[in-house]
Amino acid sequence: SSKREWKPLEDRSCTDIPWLLLFILFCIGMGFICGFSIATGAAARLVSGYDSYGNICGQKNTKLEAIPNSGMDHTQRKYVFFLDPCNLDLINRKIKSVALCVAACPRQELKTLSDVQKFAEMNGSALCSYNLKPSEYTTSSKSSVLCPKLPVPASAPIPFFHRCAPVNISCYAKFAEALITFVSDNSVLHRLISGVMTSKEIILGLCLLSLVLSMILMVIIRYISRVLVWILTILVILGSLGGTGVLWWLYAKQRRSPKETITPEQLQIAEDNLRALLIYAISATVFTVILFLIMLVMRKRVALTIALFHVAGKVFIHLPLLVFQPFWTFFALVLFWAYWIMTLLFLGTTGSPVQNEQGFVEFKISGPLQYMWWYHVVGLIWISEFILACQQMTVAGAVVTYYFTRDKRNLPFTPILASVNRLIRYHLGTVAKGSFIITLVKIPRMILMYIHSQLKGKENACARCVLKSCICCLWCLEKCLNYLNQNAYTATAINSTNFCTSAKDAFVILVENALRVATINTVGDFMLFLGKVLIVCSTGLAGIMLLNYRQDYTVWVLPLIIVCLFAFLVAHCFLSIYEMVVDVLFLCFAIDTKYNDGSPGREFYMDKVLMEFVENSRKAMKEAGKGGVADARELKPMIK
């Protein structure tokens, strides 16, 4: 192992400066892509829209060579109107229709060409091709080609983007049908969608319930961490048993309910719900049995987690802003994703005008600049990982400050802000390097997943197995590197070393404490997983009860899946911070016990509760016959 002494919080120096410069240059490149697309007119074409002849709506245009109807003055025509807005190209994800610039969108449905003609005369908005006068709409033989498809649906302009969009979006239903390939019967899809639409208030209420439950669980973790483990264990067992029992009871009840008085459509929905209840009940039974067996095996180790949770609870008491870290990270990610999507839309409308096979204008990029798409995609992954890594470094820096401050009264006024300050001043290069390593693993995995989706049903069994194996291996490598990166950030926060040195030191510490990692860290993560399960089960059970007592017949499957997925994501966002704190505390504790022995001048930084936790862990490991090699020296806390 490394012979270098660890000096927590003593020396501060900038780390991985070349990687910070590389990341800054990369971000400048991202800004160049955005600036290039705006400078080439993409912003005006995206916001104001353009017709099929290359004219930007709402302004005077210049003539394009060999392009008819180009160079028109559309100062009074500010909206883009599609002759057939429901004609979707599902492969290229765009509307296959002639686009015109018009003065106003038809707010009411126009059923005949006479209605289209009256609309043009009354509003001054011609909805047929520029070559056809409004007086010729009902007499010209070309009206069926040059005028919109009848009936013209009522539409309204999209705010800020000046496109006439149909008010009734039912014509886009086939877009969803094309995305959901596992549904062979469209009636099933329609029943699923109707179930979501009729249950949208319940879905929204249950999503808010999951958010409230997650925040309540965080409060419980903060104030009653000593009994939290046992509370979670008992509630999860009771919740899983109760949920399984309720599902079987509802299945038996609906199976016995009379079906002579309902319509055939309602009978089909009732049969779908009965089948879904049976699947849910069987799945819940299997899950409950597996969960009970796991907890039976780990029952002797559950008590070991209580003290660690108690110390983590103390961290949240001293650092209350830790609870809000998911919000700041989510806010930063949303801002970046909004910028990324905006630039992506700019790229879709940038380039030089090119005439396609139908004689209409498309804007395409030629030459080396056409590869800006790939640069932009890499930027999405790297910068997203960079933001997540900044959160990990911020949390690690705050917890390290708490752990290695002997007198907690001398903590900074806001350790979180102090950690952010150290991150910005010293460690952005380390974060950039760690996030780039994750990006290098994530990109090949995404490419293989894309190839697998494109070759689905075409490749042989051997190729499919190789692809899935490579994807699985890269996924495992990514998870391992994520865990190592998090511990490397902790080592950097402690000793202010560069990424590679910190990763090596953290790896050595983790290998030396492999048994503790397996028995302490894993059990803690498992208990947090039980907290997520509790929130999902509580939200799902509430959803089942609410959907069961609705008077109208709706399909439960999709609303319940949406609610449970949202509940899990919310619980994961909150509890992942707690999990991160536990991991940082464990590495700090391992370093503390390695380089300090409790003697004068080398006192431990840990508090008494964490030492009791270690002693209890050793006793339990000895009772299980696995602690024979443990150090028998009694640990003594620092004198306060």
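Including glycine, each Cβ sits where the backbone N, Cα and C put it.
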Given 86-107, 526-547, which one carries TrEMBL's transmembrane segment label?
526-547
Considering the transmembrane segment (202-221), which listed stretch of 20-44, 228-251, 277-297, 327-347, 526-547 counts the most C-beta pairs under 8 Å:
526-547
Before we move on, state whether the transmembrane segment (373-404) and the transmembrane segment (526-547) share at least 3 Cβ pairs under 8 Å, counting only pairs 6 or more apart in sequence.
no
Contact ranking winner - 20-44, 228-251, 277-297, 526-547 against the transmembrane segment (327-347), Cβ under 8 Å
20-44
Top partner of the transmembrane segment (526-547) among 20-44, 228-251, 277-297 - counted as Cβ pairs under 8 Å
228-251
Contact set, same chain, for the transmembrane segment (20-44): CB under 8 Å, 6 or more residues outside the stretch
14, 56, 59, 339, 342-343, 346-351, 363, 369, 372, 375-376, 379, 382-383, 386, 428-429, 432, 436
Would you kindly list the residues that approach the transmembrane segment (228-251) from elsewhere in its chain, counting only those six or more residues past its ends and only Cβ-Cβ distances under 8 Å?
220-221, 274, 277-278, 280-281, 284-285, 287-288, 291-292, 295, 302-303, 305-306, 309, 527, 530-531, 533-534, 537-538, 540-541, 544-545, 548
